[in-house]
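S.K.: Take a look at the following structure, please.
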Amino acid sequence: MAVSCTPTLGLSSAPDEIQHPHIKFSEWKFKLFRVRSFEKTTEENQKEKNSSEGKPSLEQSPAVLDKASGQKPEVAPPAFKVHPKFSKKFHDDGKARDKAIHQANLRHLCRICGNSLKTDEHNRRYPVHGPVDSKTQGLLRKKEKKATSWPDLIAKVFRIDVKTDVDSIHPTEFCHNCWRIMHRKFSGAPCEVYFPRNATMEWHPHAPSCDICYTARRGLKRRNHQPNVQLSKKLKTVLDQARQARQRKRRVQARITSKEVMKMIANCSKIHLSTKLLAVDFPAHFVKSISCQICEHILADPVETSCKHVFCRICILRCLKVMGSYCPSCQYPCFPTDLESPVKSFLCILNSLIVKCSAPECNEEVSLEKYNHHVSSHKESRDTFVHINKGGRPRQHLLSLTRRAQKHRLRELKLQVKAFADKEEGGDVKSVCLTLFLLALRARNEHRQADELEAIMQGRGSGLQPAVCLAIRVNTFLSCSQYHKMYRTVKAITGRQIFQPLHALRNAEKVLLPGYHPFEWQPPLKNVSSSTDVGIIDGLSGLSSSVDDYPVDTIAKRFRYDSALVSALMDMEEDILEGMRSQDLEDYLNGPFTVVVKESCDGMGDVTEKHGSGPAVPEKAVRFSFTVMKITIAHGSQNVKVFEEAKPNSELCCKPLCLMLADESDHETLTAILSPLIAEREAMKSSELMLEMGGILRTFKFIFRGTGYDEKLVREVEGLEASGSVYICTLCDATRLEASQNLVFHSITRSHAENLERYEVWRSNPYHESVEELRDRVKGVSAKPFIETVPSIDALHCDIGNAAEFYKIFQLEIGEVYKNPSASKEERKRWQATLDKHLRKKMNLKPIMRMNGNFARKLMTIETVEAVCELIPSKERHEALRELMELYLKMKPVWRSSCPAKECPESLCQYSFNSQRFAELLSTKFKYRYEGKITNYFHKTLAHVPEIIERDGSIGAWASEGNESGNKLFRRFRKMNARQSKCYEMEDVLKHHWLYTSKYLQKFMNAHNAVKNSGFTMNSQVSLEDPLGIEDSLESQYSMEF
């Protein structure tokens, strides 16, 4: 390149005589290599070009001109621009250097709070993506928290997700102050820690105005003088290029060396398949995605790191052990505990790849999933001819032989294994053989089958236990056919037997259903079979039929009462033994235990189903059930309580005993079905049950309390007249007139024995009295009582009956009946329509045909009274209605609570006063309604509640609410178990309902839900029966607010 020279002033101000010629040459040299400005205009370039025409070129001119010529050589700066390629390279190198500095600064900052890690004098820092330290691990184990790494704890305590962090943006360590905050969260110990920020620390990529780098640069250091860029830029560029080339070469060599080292560490060329065996020529990117990034073979048993790189399990574990806990691809922190299985879609694609068989004589192409099996067939075929064969046809493979031939061929090996097992393993041949099989699978890299076999050896199994599957089926309301469809679908999709087949569930059912456990009665029960393996029986069994008997058109299924009680006790075995331990009683105590049983019975209305064959039965149902309320043991001179039902009104503890499609008003049918059951119950009262529980024969006595009946059914089974009778009460002999005149002061006088005596008087009429006189003598007993009930109040139906009466009072107050008692029927209907419309608008209460528990609960509130008062013009009536409702709401908890002495002691103490004031209001302000009459449940509420509480301790615990909830389950089970025969359908319903109430299955279901919801999830929901999980334990501590 020719560069023109123009005579200009020298660089030095000294005279020419004293300047050395080499100095001038050096100045000329620097001017020669100086790079001109990139912004120089075209006019300046043109001027320089014109001025250089006709001048000698650089090659033609000497280094120093003759002094005689009188000219001082001076080289004009060259007019050329830097190539864009070099400009971009300089820019990229600068950016890379800035990023490296930024990343170095990040290493000294805390990931959570952003403070500098240098401020800690002990230099305590913790890896964000590492396993928790031993102290924290011990604390988590003590608190029963399942955690092994910091990311989960950081996400829980600080609400920061660090699993997606990038090293170039986020710091990789956190400070001791944040560690102490997490430690305090889990330990609950007060300590002086604080969080220095008011918001979450946000991290951004490096930018020209980066706060992190600017903070690191500023300070009191003296700034270095910048070299003269104009003079040294070209020389510096050449040196930088040479250095970068050397670094690039070094990096490539290091990468190649690192790859070779990792391949040497993995050493898997003999067990993993090369990508050259792929049958299809896939794109390079796809091949890279399905190959291990360490050994570059096709992925075998792939695992995924937290940074989303995929490796063979053996390769990554070996590399982590030798090279440290970093990802081989991106150097991101990685630990063996972070390895997870890739997503199923990726595994499906990987397993479906077609590969060529590596055997030289085989040209088959098989899927990767079946490759091991295919190759093993080659080995087996080769091994077929290895054995000594003294002529004849070739030896057949072992698996193709009959069982007898297999025994003959393996006889010598079997003897050797037996000798080894006897010598080393105590004769456990099975464990030795399973372990050999397990090692063979591991050696052939078939880890999935090996894991399943190992789980079976440990008793866990690869899937769920049959009891867990049964609990899932029962609690999700799946019939057998629906469960079987789900089982087949899951097995076909996953290839694993996660759920157990139906026959395994039926084996688990047998243990839980009545008729499995042996027992004995001392003395034996009268008129009851001594056999114990009795399951579901027909409701009419044991009924002696004759031509004159009442023809029973019904379908009934039941358990035998004693067998059902034994099954219920064995289902509660763990609870009973745990209760004994909690009372510091020895496990070997054999009793006698006293079991208190609540009995419930209720009729159901329309249960019509449009299917099933069988007799024409009424589409109404009756259910008889029982609940084990309390179990005590005689210890010394006192009875110690070892079990008490925590939720006595739950449908989960109300066990069905008898189901029948019959009308509860049909006295003959009801008597025919329930009489054998009542006979068993009467026989059990005078005998003791001998049952083996916990390996010890124990003695049980039973106390039966029939309290879960509504008033209609009590009158039916106790032989009393219907609820419209003049004898208003099932607890005392008061008539309706007597009860209205004396609202409060009555005592309980009726009993089952007295009713039986009165029935005999009614039947025989020994005094030869008239009907009216006889009726007055027996106080309303008109039929033979056949079920013994406890004189009590059913809390649920008491609420419903009282709410219906208040609903009527609201209508009468709207119509101002206290002024005009003689209102027509049309006017009364208009008042009801007005009330319904207003309640729907104000209280969102939709009108119903018949009062139910939910409507009663919503209706009986102060808000409802306020809404009704808007329709009543008189202020005085407002006050009377409000006071009546307030008194009722003060009295209601006494008969609704399970233990009023603990739950509402004040209301219990004030009950007598409140009931007298309530009665006074009825007889004065509401005299138009209650003069000479009163409703059945108002009478029981005002007169008998304190006496029942004093006798039983509670009314609410003995209510029929659990049985009412069971009625809803009956409808659901019946729809679910629809079969062609109604007879079998009732068996399915009874069996499914019994399993639904099993405490054993409920524990399995709770444990299954706890495992499913465990882990550090942001919105985990723990079942109510579970102990406090980590979510609750964290939230109950101090709330972490930034």
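Every residue gets a Cβ built from N, Cα and C, even glycine.
Sharing the features that Swiss-Prot gives for it:
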- 40-52: compositional bias 'Basic and acidic residues' (COMPBIAS)
- LYS233: ubiquitin cross-link (CROSSLNK)
- 292-331: zinc finger (ZN_FING)
- CYS292, CYS295, CYS312, CYS315: Zn(2+) 2 binding site (BINDING)
- 353-382: zinc finger (ZN_FING)
- 391-458: DNA-binding region (DNA_BIND)
S.K.: Under DSSP, the zinc finger (353-382) has how many residues in helix, strand and coil?
M.R.: 15 helix, 6 strand, 9 coil
S.K.: What kind of secondary structure is CYS312 (Zn(2+) 2 binding site) part of, going by DSSP in three states?
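M.R.: Looking at the DSSP assignment, CYS312 (Zn(2+) 2 binding site) belongs to a strand.
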S.K.: Mean pLDDT for the DNA-binding region (391-458), rounded to an integer?
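M.R.: Mean pLDDT for the DNA-binding region (391-458): 84.
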S.K.: Compute the mean position of the Cβ atoms of CYS292, CYS295, CYS312, CYS315, which form the recorded Zn(2+) 2 site, and then list in sequence order the other residues of that chain whose Cβ is within 8 Å of it.
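M.R.: Filtered neighbour residues, in order: ALA266, CYS268, HIS272, GLN293, ILE294, GLU296, HIS297, LEU299, ALA300, PHE311, ILE314, ILE316.
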S.K.: Determine how many residues of the DNA-binding region (391-458) DSSP places in helix, in strand and in coil.
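M.R.: Going through the DNA-binding region (391-458) residue by residue, I get 50 helix, 0 strand, 18 coil.
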S.K.: Around CYS312 (Zn(2+) 2 binding site), how many other CB atoms lie within 10 A of its CB?
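M.R.: Taking every protein chain into account, the count is 25.
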S.K.: What number of additional C-beta atoms lies within 10 angstroms of the C-beta atom of CYS315 (Zn(2+) 2 binding site)?
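M.R.: Taking every protein chain into account, the count is 28.
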S.K.: Give me the non-local Cβ neighbours of CYS295 (Zn(2+) 2 binding site): same chain, 6+ apart in sequence, Cβ-Cβ under 8 Å, ordered along the sequence.
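M.R.: Once residues fewer than 6 apart are set aside, CYS295 (Zn(2+) 2 binding site) is near MET262, LYS263, ALA266, CYS268, SER269, HIS272, CYS312, CYS315.
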S.K.: Have a look around CYS292 (Zn(2+) 2 binding site) and count the other CB atoms within 10 A of its CB, chains all included.
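M.R.: A count of 25.
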